[in-house]
Amino acid sequence: MVGLPMVENCLSGYNSSIFAYGQTGSGKTHTMLGEIEELEIRPSPNRGMTPRIFEILFARIRAEEESRRDERLQYSCKCSFLEIYNEQITDLLDPSSTNLMLREDITKGVYVENLSEFEVQTVGDILKLLTQGSLNRKVAATNMNRESSRSHSVFTCIIE
């Protein structure tokens, strides 16, 4: 699976990312998410890379926590979902939060000020956030795609 090394890197404390690039209508959103209407149907055969990677991630987290129970190992996962459209950042999980600002901090690094983060513990939690955020994206027709997203989106998960 394409995302397996990413999961291993995350659990070893390294940053990882998957980036989809291509012209409008080429299938970036479908590759990453699958059928948005089916995201919360588990496991949908039409799910994209993101849900599949989180299935592997949470299975590995459960296995790690179980095998190291005597050490009281416990992971924490927080997710956010943002959209960049016309150089403005919007929180897709709180669409009333628009025009958010990028900031830089010595300890945090680069971050988006006032971006909401949600604690997640299961793949179901992830799918709810992906569905909610995806439905809040800006879409419009283009010559190549009648429902093209007109923005860039970033789904982030912080694992501690």
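Just so you know, glycine gets a Cβ as well, placed from its N, Cα and C.
All annotation found in TrEMBL is predicted automatically rather than curated by experts.
Listed features, source TrEMBL:
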- GLY22, GLN23, THR24, GLY25, SER26, GLY27, LYS28, THR29: ATP binding site (BINDING)
- 1-160: domain 'Kinesin motor' (DOMAIN)
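The average per-residue pLDDT of the prediction over the domain 'Kinesin motor' (1-160) is 87, rounded to a whole number. Cβ-based crowding with a 10 Å cutoff singles out GLY25 as the top-ranked of the binding-site residues GLY22, GLY25, GLY27. Reduced to three states, the DSSP call for THR29 (ATP binding site) is helix. For LYS28 (ATP binding site), the same-chain residues 6+ apart in sequence whose C-beta sits under 8 angstroms from its C-beta are ALA20, TYR21, GLY22.
Counting other Cβ atoms within 10 Å of each Cβ, the lowest count among the binding-site residues GLN23, THR24, SER26, THR29 belongs to GLN23.
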